[in-house]
């Protein structure tokens, strides 16, 4: 390639590269830098002082950080697992074309197209003990004792209600990823298995699941990363309550920054959440065999 052509190619890529750096890289670097400083917006007289790793040691010594981390793990594991199960069921159902299947597919994708803030309001309305349809349904089928206690005000049920809203919103995404993977699977292994007399269950576990592993990996990793930073739905539905029953690590980082105004400590908490996302991704890759390209 001629030097002039190389220069032209750089000119095409440079604007996009500058955009990516300014939008993504600079805020990340800024967050990392701030995490090493003590910066309290309520005490401007103290200024900004370098404290090294004190914000991180404070976070790991804080029992509340571990509590929010545990709730985050619970939220991520349960929500992603349920979305994967329901997404698989729906994707397998839609993999066989039938009359009106495109319309059904479009309807199923509607929750994923709704903003998380709107999802929070929708489920807050559904769960309202006075006029919400779910409490009314529970009362009509004989579960009045459950309906009388507001589900979002009960520490034992609030987190699961938030998970339910998250599953409703993101199961269509998992369905879409798995359905695309199913459509791309080769038919030869199925034809050979059918000739050999393999049952539908055997074909699913020995052909579909192994071949669909890349799509499963994509769905799990993306949903894990987005679940770890869940905020909008929790903020609207419960505000982290009752008490701190639904406060995840990302929500704790928000509260530390915009209620306690401890910007350095909040940056450290958010970076811990970021590293947790990396750890989760590596674990998934190990489990599914992507680390050695099996």
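Yeah, the Cβs are placed from backbone N, Cα and C, and that goes for glycine too.
The annotation domain 'ABC transmembrane type-1' is assigned in TrEMBL to 69-284.
Sequence annotations record features per position, and here TrEMBL assigns transmembrane segment to 12-37 (among others).
If you look up TrEMBL, you'll see 73-94 (among others) marked as transmembrane segment.
Residues of the same chain lying 6 or more positions beyond the ends of the transmembrane segment (106-126) and with a Cβ under 8 Å from any Cβ of it are 90, 94, 132-134, 152, 161, 164-165, 168-173, 175-176, 232-237. Per TrEMBL, transmembrane segment is recorded for 106-126 (among others).
Counting same-chain residues at least six beyond the ends of the transmembrane segment (158-182), those with a Cβ under 8 angstroms from any Cβ of the stretch are 71, 74-75, 78-79, 82-84, 86-88, 90-92, 94-95, 105, 108-112, 114, 116, 119-120, 122-123, 127, 151-152, 208, 212, 214-216, 218-219, 222-223, 226-227, 230, 233-234, 237-238, 241-242, 245-246. What TrEMBL lists as transmembrane segment is 158-182 (among others).
Annotation comment: TrEMBL describes 203-222 (among others) as transmembrane segment. Long-range contacts of the transmembrane segment (203-222) within the same chain: residues 80, 83-84, 87, 173-174, 177-178, 180-182, 185-186, 189-190, 193-194, 281, 284-285, 288-290, each at least 6 residues beyond the stretch ends and with a Cβ under 8 Å from a Cβ of the stretch.
Only residues 6 or more beyond the boundaries of the transmembrane segment (265-285), in the same chain, are considered here, and those with a CB under 8 A from a CB of the stretch are 31-32, 34-35, 55-56, 58-59, 65, 69, 72, 76, 217, 220-221, 224-225, 228-229, 249-250, 252-254, 256-257, 291. Among the features that TrEMBL reports, transmembrane segment is placed at 265-285 (among others).
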